[in-house]
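TrEMBL annotations:
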DOMAIN    25-237  domain 'Ion transport'
TRANSMEM  26-48  transmembrane segment
TRANSMEM  60-76  transmembrane segment
TRANSMEM  88-107  transmembrane segment
TRANSMEM  143-162  transmembrane segment
TRANSMEM  205-228  transmembrane segment
Amino acid sequence: MSTTLNATQPWRQRLAEWIESPRSQFLIMALIIVNAVILGLETAPSVMQHWGGLLSRLDQLILGIFVIEISLRFIAHDWRLLRDPWGLFDTLVIVIALIPASGPLAVLRALRVLRVLRLISIVPSMKIVVQSLLSALPGMGSIMALMGLVFYVAAVIATQLFGEQFPDWFGTLGASLYTLFQVMTLESWSMGIVRPVMEAYPLAWLYFVPFILIATFMMLNLFIAVIVDAIQNQRERVAASKAASQGKTVEPTEPHRSSLSGANQELLLEEVRQMRAELRSLRDQLGER
């Protein structure tokens, strides 16, 4: 789990390098996986009846190793470790695990499974995905705002058009929003909602089909595009940071050039193919009526 913090003294630097070495990180990752298996087995009463004592001792042993590991990281980096988001995350996970899970704090026992999430801070590919999702939040926020606007307008129209005949589904604005969310997920949207509505309003498909195309396919692909772009940008930043730490230079890329070439172009074409296949499937379903 590489960190942006640097040790100031030689022995601290050596300790930090040892803790963050591939061998040490592999050991911690293996312990996290074993701990995850143990926490899963503890949910089975039959397993706990025969092996509960052993599993509890193994859980405490692994927790002790985690405490030693985080303590060594504090020794190597001092309190500056908490300035690193991943260091703060690991520390909070260990602190929660150390709180006695009894009395009013018994609910914290279930939070022990959060230790499994430490894999995110150790596996570089997982870390890139999480950092990409966080960096994509502003763009996703704009898409969610647009989706909320589409849902609101569609819900008002549905309430006015279908509310009298179908009060359970479209009687109120809230009911319409929930029903449209079900339609967007394509969960029983045809036989469960649209076909019964079309029995009373034969032209209702003129409302539902455009809504599905906009809310389901267009919005979903906008989310995918934002996330893919964020992951690509994050990978480029990681590569540039790694090259800078090794004293290498990274040639700046022209805007959007790398995102439309090579593997990214193939990814974009694959998304277009999937969208066409989904549209063909939707047309086939509508044609079967």
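We number each residue from 1, going along the chain as drawn.
For all residues, glycine too, the Cβ spot is worked out from N, Cα and C.
Note that the coordinates shown come from a computational prediction; the quantities given were computed from them, not determined experimentally.
Beyond the transmembrane segment (26-48), the same-chain residues lying 6 or more positions past its ends with a Cβ under 8 Å from any Cβ of the stretch are 1, 55-56, 58-59, 62-63, 65-66, 69, 112-113, 115-116, 118-119, 122-123. In the predicted model, the domain 'Ion transport' (25-237) has a mean pLDDT of 88.
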